[in-house]
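> For reference, TrEMBL lists these features for the protein:
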| type | residues | note |
| --- | --- | --- |
| DOMAIN | A:5-119 | domain 'CMP/dCMP-type deaminase' |
| BINDING | A:56, A:86, A:89 | Zn(2+) binding site |
| ACT_SITE | A:58 | active site, proton donor |
């Protein structure tokens, strides 16, 4: 039987979160945390609503998943996020020792790769999953803002 | 008249926060945020208590100060922290556009400088303020843990 729990399957859920952020006027980034094919955290960017630069989707997802698990390490977990993490979020993912990070759209300006941030050596990275959809949402957001 | 509001004056308050973390069995790091010589946030590391890798002193200080100010940018603010910020905290400080960061002890392994994290170009940095005291508290903590 075909495994339905692909990276695309979970990225679609992260995209739903990004859409929720979009609908609130937030930069549209969504994240989820998955362990054993089960979603244990769903979050989206809330920096404007909370007046808080630390309220990126990934930061909330890490806190929420750790709360669910009852421990601070996310070993065995995968974080899906629609946009490449920034320095702050990659730094938090480093501390969390998350097993896998999957992101959609690249962020060539402020993404962790361009900024030189280190993830944990045990963390596997997959990028470009549903890149077109993830990227289109961000581009539409900024186009509307400028328009 | 002599100005009592020196970097040492405020670092001493951050050290009191670090001591509070120490007393709870947390890695002893304390932070405060100051604007116009007024302390608007006081926090200490709570990663163990909250089971949350994002609960570093600086992260809480940024959230707390922004909450006090009613806006997400910390322009005009100085953050004092007893230990050099990590990638995550430096990344958050980058987004906050904080005007000045003052830290006590260096962190040559996990500090933002060794890790290559960028602060905001407008952020002024002062380091080594009460370095001996800030460093001694961390060293005592780890010596007790190993002992």
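These residue numbers are counts, starting from 1, taken along the chain as shown.
Here the Cβ of each residue, glycine as well, is placed from N, Cα and C on the backbone.
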> So for residue A:89 (Zn(2+) binding site), how many other CB atoms are inside 10 Å of its CB?
31
> Reported in the order helix, strand, coil, what are the DSSP residue counts of the domain 'CMP/dCMP-type deaminase' (A:5-119)?
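Reading the DSSP string over the domain 'CMP/dCMP-type deaminase' (A:5-119) gives 44 helix, 26 strand, 45 coil.
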> Fill in the CA-CA distance, residue A:89 (Zn(2+) binding site) to the residue listed as 'active site, proton donor', as an integer in Å.
6
> For residue A:56 (Zn(2+) binding site), list the number of other Cβ atoms lying within 10 Å of its Cβ atom.
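That number is 28.
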> Among the recorded positions A:58, A:86, which residue has the largest number of other Cβ atoms within 10 Å of its own Cβ?
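For the recorded positions A:58, A:86, the Cβ with the most other Cβ atoms within 10 Å is A:58.
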